[in-house]
Each structure stands twice: as structure tokens, then as C-alpha cells.
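Novice: Structure provided below as C-alpha cells; questions to follow.
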Amino acid sequence: MLSTKTLPSSKAQESLQSPTKGSYWITTFGCQMNKADSERMAGILERMGYKQAEEELQADLVLYNTCTIRDNAEQKVYSYLGRQALRKKLFPQLKLIVAGCVAQQEGESLLRRVPELDLVMGPQHANRLETLLNKVETGQQVLATEELYIIEDLTTARRDSSICAWVNVIYGCNERCTYCVVPSVRGKEQSRTPPAIKREIENLANTGFKEVTLLGQNIDAYGRDLPGTTPQGRKKNTLTDLLYYIHDIEGIERIRFATSHPRYFTSRLIEACAELPKVCEHFHIPFQSGDDEILNQMRRGYKIKTYKKIIGRIRELMPNASITADVIVAFPGETNEQFQRSLSLVEEIGFDQLNTAAYSPRPNTPAALWPNQIPEEIKIERLRKLNSLVEIKAKERNVRYKDRVEEVLAENTNPKDKQQLMGRTRTNRLTFFPKVDNQGNSYKPGDLVKVRVKDIRAFSLSGVIEN
């Protein structure tokens, strides 16, 4: 149990603010799917009349949308909950909610551990937030973790950006990777229909959005659960078909998608990305390990030669494409030779960026029970070596941008320099540039700007506007 039996000291009480009635605060942990879910839940709260608080300790409804991919993310949630449990002792009107994957995984045990919680809700219940809150208002402590079919959400999301939007197209995951909890907490794959997706993107375009990122745990598995096949025997509604279907929506300048699984990244999809002008040349395709035996133990369903073939075809058709990925080091039983194969793959492919992690045992996954766990000190050392190589290769990849003119979609003012805008290239490189060009023309978020790159860093660029 996180809460204490006694109230905080008078001095501590003075440091805690009384909640502002009708205000909310959402803290999001983890992946882009969680960010999209949080935007939808914020939209529901604002439809109900809530206003976003200026800071977390002012809110009288606090929601943590949680991630359980790694243990450190989960533990961070509990530290946040301890602070809010303290507030709830002083301000009983505070509503305290845990949503997302920790909620789904822990369920009733989370309510026992943190009895101050009003609502524990899994990710499949994000669209039901209003219904669940109405139950909370009657004095109930609510648990919502049962599996259900995700109905189309008619709520307007409260977007964190007015330029770029996340659009969920497939929920859940049918894979059974031995290290991953996602299938157990997000349920089986459920694809939205193409017309529903198109309507959402059209609405975004009508309100000024310029870029959409299609989201899915395995985005390229989209449509496997939808009916219909072509005369050639393939599924009728694939991600490739969806890209063609939404491509010509007026007002949308750019289309991205994430995250891809190598098993479903077809040649037809690569060719469509090369053909369709709005689809950006950035592909996030996790490889997880550079060793075939480890991939087999992970139950990933492909070999490294398949992965290399995918990257080769992308670079053949789109030479300037950026490739990013996820990789795990120190998976149970990983030898030094197997780890070296991951380093060799990073060296060979030259990723633009990698999300790196040391293996973290997760509850209810096969790999967590295996006896050959890697000692912590070896995990740390392997991760250090990998991160060092990643930074070197990222800098090498960025050299190609030097003095090149790139199309950048301006997204925001640079918070560290109000005279600069920041945005991303088509290849997803964060880029900083002046708001005003050398002829006195001003630019704003939402503008597509030609920027000549002058300075390069490992993970960002800066330059001047090209007239």
C-alpha cells in the first residue's frame, strides 16, 4: 500500500494546493499509442466541462496513462501515485485515476495497493471514460479491465499539437513475443474501418492539421481482421490500400505511420511509399536483436536476412529514407557473440536513431521465467556500448544533410529561442531555423519551409530559410 496512515505534517500540508474544481491533469507514460489515448480522454473530459489545470497539483482530477513495457516506467507511476495519495487525504474530492497498461496488468491488486484510487481502467476502455466517471460520481470505486470490442470514438480529441495528429488505425497485438506484455494488456488486433479513418483525417484537415501519423502496435498488420479478399487472394484492406485510400485528402501535406513489424513489411508497401508523394521517407522498423537464435527465442518470426532485405529495398527506392528501430540487449541467454551481432547490424545498416533498452523481465511473459538471466552489470555495459555506437552512426548519417535543402514542416516555436521555429524534415529529423528569412518574410507553425542545413548534431539539425 502506498498511502501512509497519518496525515502529512503541517509544513507539508501548506505546500500542497487545494484543487481547482473542474480541472484535470493527464500524465502520459510510454508509447505513441498512449499519447493518442490520452488525447482522446482529454477530449472526453473537456466535453464534460473540465478544463486543463496549469499544473498537476492544482487539478481535482488526476489521470495517469501508464506503460508497463519496462519496469522503470511502471515504478515511476507508483512514485507519482504516492504523492497523489497524500493529496487525497487532505482533499477527498480529488479524483485519482490510473489508465493504460499498468491498470490492465495489475487490475484489482492496484486498488488494494493504492486504496485512494477512484478508477482503474485498461486501454480498451479509454473511450468509456465518461461512463466510468459517472459511476465514480456515485461513490463507487471502479475497475474496468474486461476485454471488449473497441467501438468507434466520436469524441473530438484534445490534440497536443494543432499541426500534427496521431490517428489510431489498429488496436491490440496478435504477436506472442516472449518478452512482451502488450498482447495481454492491449488485447487482440482490432482494425478500424477505412471510412472511419478517412472521416477522422478529413476532420483534422478541416481544422488545419497538416500531418497525420497512423498508429498501431504493428501498423503494417492493419486489416488482417477486416473482411474481404482480392481476386489475387490477398487481404482487401491492408496498410498499403489504406495509404492509397487516404492519400488525396485535401489539406493533409504529410502522412507517416508507426510502428512496423518486419513480418508484414511487404514489397508492395515499400513501393507504395515510394510512389505516394505525401508519405514521408521515414520508417520505424524494430529488429530487437541482430542474432537469429535470439530472434527465434524472442518468437519474432523473421531472420536477419529478411530484415536486411527490407532495408535494402527501402533504400533502393528511397535512397534518402531514414530508418529507426528498437533493439533489446542482454535478452536471457544472450552471449557476447550474439550481442556483437547486434552491434554489427547497427554498424552495417547505419540507423538514423535507435530506441535501445536492456532486457527487463515483465510479469506473465515466458522469458521472465527463464533461468539464464543476464547479470545487471553486464546489461549496463552492453547498453553503454550500444548507445555509444548509436550516437556515432547517427552523427555519420546526419552528415548527409550538411548544406542540403530540406522541406521542414514548422510545428512550434523553439522554447529555448523564441526567434526560432522547430519542425521536422520528411525523414523526421528535428530541425531548428529562424522565424524570419533574409528578405524579412515571417513564418509560423503549419508552414512548409525550405531550410538549408548549416549545423548537424547526432539527433537534430539547424539551418537558415532558403529563398
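Every residue, even glycine, has its Cβ placed from backbone N, Cα and C.
Pasting the relevant annotations from Swiss-Prot:
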type	residues	note
DOMAIN	22-138	domain 'MTTase N-terminal'
BINDING	Cys31, Cys67, Cys101	[4Fe-4S] cluster 1 binding site
DOMAIN	159-396	domain 'Radical SAM core'
BINDING	Cys173, Cys177, Cys180	[4Fe-4S] cluster 2 binding site
DOMAIN	399-467	domain 'TRAM'
Novice: Can you tell me how the residues of the domain 'MTTase N-terminal' (22-138) break down into helix, strand and coil by DSSP?
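Specialist: Secondary-structure composition of the domain 'MTTase N-terminal' (22-138): 66 helix, 26 strand, 25 coil.
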Novice: How many Å lie between the Cα of Cys177 ([4Fe-4S] cluster 2 binding site) and the Cα of Cys101 ([4Fe-4S] cluster 1 binding site)?
Specialist: 17
Novice: What are the other residues, in sequence order, whose C-beta lies within 8 angstroms of the center of the C-beta atoms of Cys173, Cys177, Cys180 at the [4Fe-4S] cluster 2 site?
Specialist: Glu175, Arg176, Tyr179, Val181, Val182, Pro183, Gln217
Novice: Using all protein chains in view, find how many other C-beta atoms are within 10 Å of the C-beta of Cys180 ([4Fe-4S] cluster 2 binding site).
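Specialist: I count 21 other Cβ atoms within 10 Å of it.
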Novice: Give the mean pLDDT for the domain 'TRAM' (399-467) on the 0 to 100 scale.
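Specialist: The average pLDDT of the model in the domain 'TRAM' (399-467) works out to 95.
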Novice: To the nearest whole angstrom, what is the C-alpha distance linking Cys173 ([4Fe-4S] cluster 2 binding site) and Cys101 ([4Fe-4S] cluster 1 binding site)?
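Specialist: On Cα coordinates alone, these residues lie 13 Å apart.
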Novice: Do me a favour and check the Cα-Cα span between Cys67 ([4Fe-4S] cluster 1 binding site) and Cys180 ([4Fe-4S] cluster 2 binding site); whole Å is fine.
Specialist: 12
Novice: Rounded to an integer, what is the Cα-Cα distance in Å between Cys101 ([4Fe-4S] cluster 1 binding site) and Cys180 ([4Fe-4S] cluster 2 binding site)?
Specialist: 12
Novice: Looking only at Cys67, Cys101, Cys173, Cys177, which of these binding-site residues has the biggest number of Cβ atoms within 10 Å around its Cβ?
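Specialist: The most densely surrounded of these binding-site residues is Cys101.
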Novice: Treating G and I as helix alongside H, and B as strand alongside E, what does DSSP give for the domain 'TRAM' (399-467) in helix, strand and coil?
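Specialist: For that range the per-state counts are 3 helix, 37 strand, 29 coil.
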Novice: May I ask for the distance between Cys180 ([4Fe-4S] cluster 2 binding site) and Cys31 ([4Fe-4S] cluster 1 binding site), taken between their Cα atoms and rounded to an integer number of Å?
Specialist: 14
Novice: When you measure from the Cβ of Cys31 ([4Fe-4S] cluster 1 binding site), how many other Cβ atoms are you left with inside 10 Å?
Specialist: 18
Novice: Give me the sequence-ordered set of same-chain residues, not including Cys31, Cys67, Cys101, with a C-beta within 8 angstroms of the centroid of the [4Fe-4S] cluster 1 site's C-beta atoms.
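Specialist: Neighbours within 8 Å of the Cβ centroid, excluding Cys31, Cys67, Cys101: Phe29, Gly30, Met33, Asn34, Thr66, Thr68, Ile69, Ala73, Gly100, Val182.
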